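Just below is one structure, and these are the notes that go with it.
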Amino acid sequence: MAEPSAPESKHKSSLNSSPWSGLMALGNSRHGHHGPGAQCAHKAAGGVAPPKPAPAGLSGGLSQPAGWQSLLSFTILFLAWLAGFSSRLFAVIRFESIIHEFDPWFNYRSTHHLASHGFYEFLNWFDERAWYPLGRIVGGTVYPGLMITAGLIHWILNTLNITVHIRDVCVFLAPTFSGLTSISTFLLTRELWNQGAGLLAACFIAIVPGYISRSVAGSFDNEGIAIFALQFTYYLWVKSVKTGSVFWTMCCCLSYFYMVSAWGGYVFIINLIPLHVFVLLLMQRYSKRVYIAYSTFYIVGLILSMQIPFVGFQPIRTSEHMAAAGVFALLQAYAFLQYLRDRLTKQEFQTLFFLGVSLAAGAVFLSVIYLTYTGYIAPWSGRFYSLWDTGYAKIHIPIIASVSEHQPTTWVSFFFDLHILVCTFPAGLWFCIKNINDERVFVALYAISAVYFAGVMVRLMLTLTPVVCMLSAIAFSNVFEHYLGDDMKRENPPVEDSSDEDDKRNPGNLYDKAGKVRKHVTEQEKTEEGLGPNIKSIVTMLMLMLLMMFAVHCTWVTSNAYSSPSVVLASYNHDGTRNILDDFREAYFWLRQNTDEHARVMSWWDYGYQIAGMANRTTLVDNNTWNNSHIALVGKAMSSNESAAYKIMRSLDVDYVLVIFGGVIGYSGDDINKFLWMVRIAEGEHPKDIRESDYFTPQGEFRVDKAGSPTLLNCLMYKMSYYRFGEMQLDFRTPPGFDRTRNAEIGNKDIKFKHLEEAFTSEHWLVRIYKVKAPDNRETLDHKPRVTNIFPKQKYLSKKTTKRKRGYIKNKLVFKKGKKISKKTV
């Protein structure tokens, strides 16, 4: 489909009106009547078509308006990329080039294996360091897009003789892709509105904290590249719907394939695009463009997504993919009915329509029920089901609810991660709904669904951030265009609709009255009152102040909240000097250097990836959490007393036990604060042995002091955390054994171990490692050793001076001779 070109008079008036309108001109001229800033040519010229602009010669260069606009757009995008990349380097500057958090350590370890052994070995890699004694087949249980991307960049750089360590590639991958995300957001917003809004959206998403939180340097996680793939897929989908081109649809399928390989959030795409098509059908906006775009996307995208080993046959056998299949069948039926509509009478078509829709709906409904009942279609997984029923995971699957990223989002988090964009985002949504068309239906659905999911789960704030940046950019763009534009030449933007096209073909009715004026023509020709220069200046300054405050807030949040690696902690003194707490790496290095290569370490699943990545030791559970029963067994060991836990540890061949304790430095993320989740997960698998109520006081409190539950004070986790802590007095104002994290004096200070021994405690007591003793060769007797209370009358004094004198046995029993009973007493 050829896009209409804008007249030359439009470029001239836009450039003369204001600098912001000049920036908008390229977007308006590119998209014709799709963009809100575009004007109708016949209207501007009083119904007479203006002359076509003369083609620019090769010597035009930057003398043409489009040349300056292209240069300005390129400069703004480059600066946005540079600002986004630079703001993500706080962690590298303050600490060093290091992998952050927990999951990135497994991704780095997998990427290192891929770069060292090749792609084929990576797909067939069996990791014996994880989930002892089960192990893990890595190639079929990961989304390999992140590893392949980093490995490919590393291979290209080394091919060009640029020697770079694979760790540095992993550290700086997410900041690099943030620039690509800015470009893809610019392209998508330009398709939805105009070029000025696209440039604002690119600047917003480059520095917004909601996206920076998962893309700082060192955060080598799937989301670092997945948001770029998400935005680029949406851009290509909008392009496909607007043009109906198979080429753009195939590009969309390839981008979707990359998204599937990178992140499990691809399910959001495969449900949002069918929802878009379904709503277009309900709004009677069906067209051949929509049919070509979705039919091609579903078939090719389905086949490509099934090539990922971890995905496999899920697109045709899981409930979260069934909506796409249903919309595909509905679209084919709708297209077939449109075909019959042109060949049947109205009465025949209505009868066939109701009969066909009823039969098709009944057949689909019965088929889904049958396939679900027989087990061919798997039900919703726990993570997806918890999006609809927010209390489901906490009751039935506590392992999902125990993850901090799966908690509901607080109201403060929205402002903290989005700042002023929260307020301007609804305004941009209203502008899109007011000037609705096919692609703006998509962004409206995107916004509504993303807001819901972000409210349910804090992790999904990441999917809300791009659409908030886009719609806020549209709102700011309209304000700037309104207050920086020329009052005499401002007109309402036309909206592409089927009713407008009908009015153009039928400008008047034969039976209209002579003095009758059509309503919509009157509204279009209605002029607005001019705005004074003072009002324009005040509003513009206020908008610029808001944007400056937004930039300052983003920089502050990035620096203070999202640029601290969890592996290295830092604290500040009263004079501003900084203390580095490197207990984690200290403990992992001790494990690497002082334990056997095949030693097995038991810890809570949060630290499994870090132990395998930094200490290179075998773990029982890790952050993959694919086996709930195995995690529950570890939780049972932590929640039981020492004797019961020792039996579990012996059955799992555990050599060392690692716990995190923050009572000395006030670290709130330690294992005592996570302990109730261990109890809940263990109770789900072993309800007869572990009960959560046993760890609370009769008043229902979780306390670590003397008033705490006896079950809690004698469990293995409590004893390992507070061993020898009762002897430590941290401050002259507090008693010995005072826990700074829970602000309480511990209740059990006399802790002794029978089956464990302390092997290592880090400098600040943050990481504590215990060695599991081997079983005794001979069982100890149950009875106590003999104790006598009979002592000699005289204190022993050694008089042995020569060998001839007899010796003396110390503590020898003294027997008293009995007396004969006299006959008189009898």
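A Cβ is built for glycine as well, from the same backbone N, Cα and C atoms used for every other residue.
Given the structure is predicted, the values throughout are model-derived calculations rather than measurements.
Per Swiss-Prot, the Mn(2+) site holds Asp221, Glu223; the candidate it also names there, chosen from Asp103, Asp127, Asp168, is Asp103.
Per Swiss-Prot, the N-linked glycosylation site annotation among the candidates Asn161, Asn623 falls on Asn623.
Swiss-Prot lists motif 'DK motif' at one of the ranges 151-158, 423-430, 535-542, 671-678, namely 671-678.
Per Swiss-Prot, the N-linked glycosylation site annotation among the candidates Asn16, Asn627 falls on Asn627. In Swiss-Prot, Asn437 does not share a side of the membrane with Lys749; the two are on opposite sides. Counting Cβ pairs under 8 Å to the transmembrane segment (411-433), the stretch among 246-260, 288-313, 461-482, 527-552 with the most such contacts is 461-482.
At the 8 Å Cβ threshold, with sequence separation of at least 6, the transmembrane segment (266-282) lacks contact with the transmembrane segment (527-552), having fewer than 3 such pairs.
Here the candidates are the recorded positions Asp103, Arg459, Asn616, and by Cα distance the one nearest Asn623 (N-linked glycosylation site) turns out to be Asp103.
Using DSSP to sort the residues of the topological domain 'Lumenal' (87-173) gives these counts of helix, strand and coil: 49 helix, 4 strand, 34 coil. Residues Glu101, Pro104, Asn107, Arg214, Ser219, Phe220, Asn222, Gly224 surround the recorded Mn(2+) site, their Cβ atoms falling within 8 Å of the Cβ centroid of Asp103, Asp221, Glu223, which are themselves excluded.
The number of other CB atoms found within 10 A of the CB of Tyr609 (dolichyl diphosphooligosaccharide binding site), across every protein chain shown, is 24. Here Asn616 (N-linked glycosylation site) comes close to Arg129, Arg592, Glu597: these same-chain residues lie at least six apart in sequence, with C-beta atoms under 8 angstroms from its C-beta. Long-range neighbours of Asp221 (Mn(2+) binding site) (same chain, six or more residues apart, CB within less than 8 Å of its CB): Glu101, Asp103, Pro104, Asn107, Leu146, Ala174, Arg214.
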